[in-house]
């Protein structure tokens, strides 16, 4: 079932640079979709370091279990991603399927299975036939290329209505390092992690422990700060691969190395751009919404309040209706269970103060707020008035489109 | 804006008995709605005991604050409920409005303001003009009656599409005691409490501390076990009033008194019936869904898992689509954060086993499940396989109707 492209889709896609030491191919394995690519193979130069964060779901997919085990090794030679089947809740068959797929990939690129990383996205609960990959991966290994990045971004899509890519460069030791990232995700999106897959590739020489620390640090304000529908996937996977092939750059092996900060900032840019694209492709989304919480007792408390607001169906439907319904925002703050004092709350839509000291602002101008709500990038800011804690969560509105995508398939 | 009556509405309303010591009247105060009653006054005989539970929102309404203070007194002479305005997030004006309203009511029925209980439901954030009650409450006090209960149930409705009533009787000391209850609620419904108002009246002579203990006990498996949209109101209020006017029954003053158990069982029946009616009138609901969790490590853990499943937009939209999407159930179990082992999970829709030991059941019969999903009362049961903990949460599906009610009012 094809859904209309999100009105928030980008007008054009960035041309990402080739990443030295990274080559990829896509193919049609016929897992579920017809007439589109559904499998991605990426190969990495020897000694490529890898880091990642995986879903905190108590019911993770077989591929997530596999990656968690292999991340301990710190090096990667291959990544295989398929769309159309999540290989989640598939029991022993799922583990077998993962083992077989990794074996095929290892043979195709010439490495050990422990250096193969896997991710699957799509239907949960259906066995994934690893036989679909036999032959396909070997053929793909024979036609690896380093461009264009649009192809891998497309091959991993499920209910996404547009491919998601972002890149960045940084200057390290007087040389340019490159980062290229892709992601998929549209529904079953909530922090820890968003339901999504994202893969980031760089030629910077970053040791696995440093890469891991940087990914963990920057995922907090990027992929873990987005929510579409509060539902956390069984398959969330963010992996970062660093080939070290950038010329003239000495390895970064210590998180205290100032160059780690420089690289981390560029990495954070890529993660943020990808995460925002996931929100902008949120199932049925017509508006991107930024929820800022200020003045909470701590940053953690602010984050929980922000998530409560961003996850509230009543807030999200009000925004879909272009209604600056601050009453629902108050409700969502109140239900978060975090310290809040009704009579100190202030609420702004964009720059417009709608409520303060626990009641409607004297300056409230309904016409101005109504005009603001017609925009497709909205910001809701709540001042809690108790401390210095702050956090931001990014979400989208809740529309008929979400119901149509997820519920309109009576059989 | 009128919405179609829920397809799950009852075919008829029960005729509840008069409760000795309770009299009521309704009126049109013109708070927001036109051509319908929007205010309810109930008067109680002297020495009526009162108990209740109130929203745990950190941003409660002014009326909730008022009731919390007055519950400590343990006695009630009047209840005033209005619909159309929640008097929540109205700051100092809200507190003034509550004080003035209680004063008018106290004057009208001849009691102190501390014996007056108040509840308001409707728009949040708009000041409630207590002047609307002046004159109205006095007139109502002059025409109090003990029937029919349909009138108060109607006067407190907001987005409800049908009035909610339930009654029960019990035999205590060889005499019949009566219970009559009303409720409202349709959206902003989630445990702790459901967003709703409910008022229960009995002629049983139950002391306030006993009544409080029984209400607190039985709310757990009734109003606190329902969820429509995971949003918790600022105004949730459940109050129980016991006039003690039943003839021939000695006062129940000790929770260990076996008669407390008998009365409690009848009270629980009324609370349960009312809570289920709230779910069946859930905004946009077309199916009532019972989520059972078995085999969790504790009852509390089971409850949190059940709520995670019942609140999941993806589970609820799948049910709207008549799709036995157990993959989404697995997702919701996994995201609850409670102990669970993917490979021990079993899932049933009704009596039909769809998954066990972490994968699709060998006996899975898609045709049978599809037929089952067409029903309008569905049961999803998840076996966690780790212990003896169990819990049940009641919810409804998530449909275009919910979006239409809450989001289709672009101005």
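Counting begins at 1 with the first residue displayed.
Every residue gets a Cβ built from N, Cα and C, even glycine.
Taken from TrEMBL as is:
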- A:158, A:184, A:195, A:283, A:406, A:411: substrate binding site (BINDING)
- A:195: active site, nucleophile (ACT_SITE)
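A map of TrEMBL features onto the structure.
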residue: A:158; record: substrate binding site; Cβ neighbours (10 Å): 22
residue: A:184; record: substrate binding site; Cβ neighbours (10 Å): 27
residue: A:283; record: substrate binding site; Cβ neighbours (10 Å): 28
residue: A:406; record: substrate binding site; Cβ neighbours (10 Å): 27
Binding-site residues satisfying Cβ distance under 8 Å to any chain B Cβ, from A:158, A:184, A:283, A:406: A:406
